[in-house]
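Just below is one structure, and these are the notes that go with it.
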Amino acid sequence: MAAERGPVMATCTAPVNIAVIKYWGKRDTDLILPINSSLSVTLHQDQLKTTTTAAASRDFTEDRLWLNGKEVDVGHPRVQACLREVRRLARKRRGGGEDAAALSLSYKIHIASENNFPTAAGLASSAAGYACLVSALARLYGLQEELSEVARRGSGSACRSMFGGFVQWQRGERPDGTDSLALQVAPETHWPELRVLVLVVSGEKKPVGSTAGMQTSVETSPLLKHRAEVVVPERLAQMMRHIRDRDFEGFGQLAMRDSNQFHATCLDTFPPIFYLTDVSRRIIALAHRYNAHHGHTKVAYSFDAGPNAVIFALADTVAEFVEVVRRSFPPATNGDQFVRGLPVGSAVLSQELVGAVVTEPVPGAVQYILHTQPGPGPQLVDDPSQHLLGADGLPRSRA
């Protein structure tokens, strides 16, 4: 068997997702069960992805984990929860016994994971990370089951990264969480004109992590309780309708309102949590001025728990709005690297548009723009040369 010659390996990639109906707050912190359902757009892995290699060998003496090249604590409770759940499912699939041809569940595991974007800066790195971890482990053990419930045990929003396109995470009702799952609402091909611009304001780690922040909100914010019980159920139905109909006006308006209400609940938390910065607020004002100038919703912002803006737009708006951003936040030094990802055409702005929309430019406030689109769920990497771990089970040098 292959294990005799070296580790058995599986490598997967997984996407980031951006919620347009936000998840904030758990009703069970151990099982990671949310106080409300949520809805997200999965972003394309050509621009944003996590890559994870999981390896198992009889020669490994302990479980080990490397994140972006640095060894980190594999004993983290959420990592352990995912490992435990995948091994439990594998054991169950084998009827409780050891299949001689299958990978031994007693072998220790080595895991290496890399992001091609800033970790913990409000770009849903934990969602992509845990979705990728679960996908790679499942592949290693030959599991085909519904895995969003397992990914949820690592990071709530990770369950939404188990699918491409437009994804709902159902709140569920059962105390054991078995009905708190992700479901695809529509595939990534459903709305081909939809584009996403990530305006990276900061790659720094946020001052209050999502896990701590949301539980303080649950304990202290009456607005959050009202949002979860009254506002979200109606908005969820509306948003699914807008997506189904490819209605950008409705989709954009609701995405902005929901982002604003999420940050209002952060402000209603005691002590208050501030994820948006002055630059974030300038981007919000810019989007509203731009839409007002055109007389309808052409761009829509959404902010997760961090200062970076996610802007939704249709393909025919991208070039003009990118030029508006460039004029409003002139790049400091990286003019040629200011726009990354999918190509963006050039646009000539009318004096009328510049006069109405571009007010008081702030040089260098936006580090760069990443242009992307909706994309698929986790992917298996077949090429062995792409494994992050070598034959010795240690990270390959990426020189």
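Cβ atoms are placed via backbone N, Cα and C, with glycine included.
TrEMBL lists 14-182 with the feature domain 'Diphosphomevalonate decarboxylase-like N-terminal'. Marked as domain 'Mvd1 C-terminal' by TrEMBL: 196-380. The region 'Disordered' annotation in TrEMBL covers 375-399.
Sequence-distant contacts of the region 'Disordered' (375-399), counting only residues of its own chain at least 6 positions beyond either end whose CB sits under 8 Å from a CB of the stretch, comprise 6-7, 9-15, 42-46, 51-53, 55, 57, 59-60, 66, 69, 110, 112-114, 131-132, 135, 139, 161-165, 188. DSSP assignment over the region 'Disordered' (375-399) gives 3 helix, 4 strand, 18 coil.
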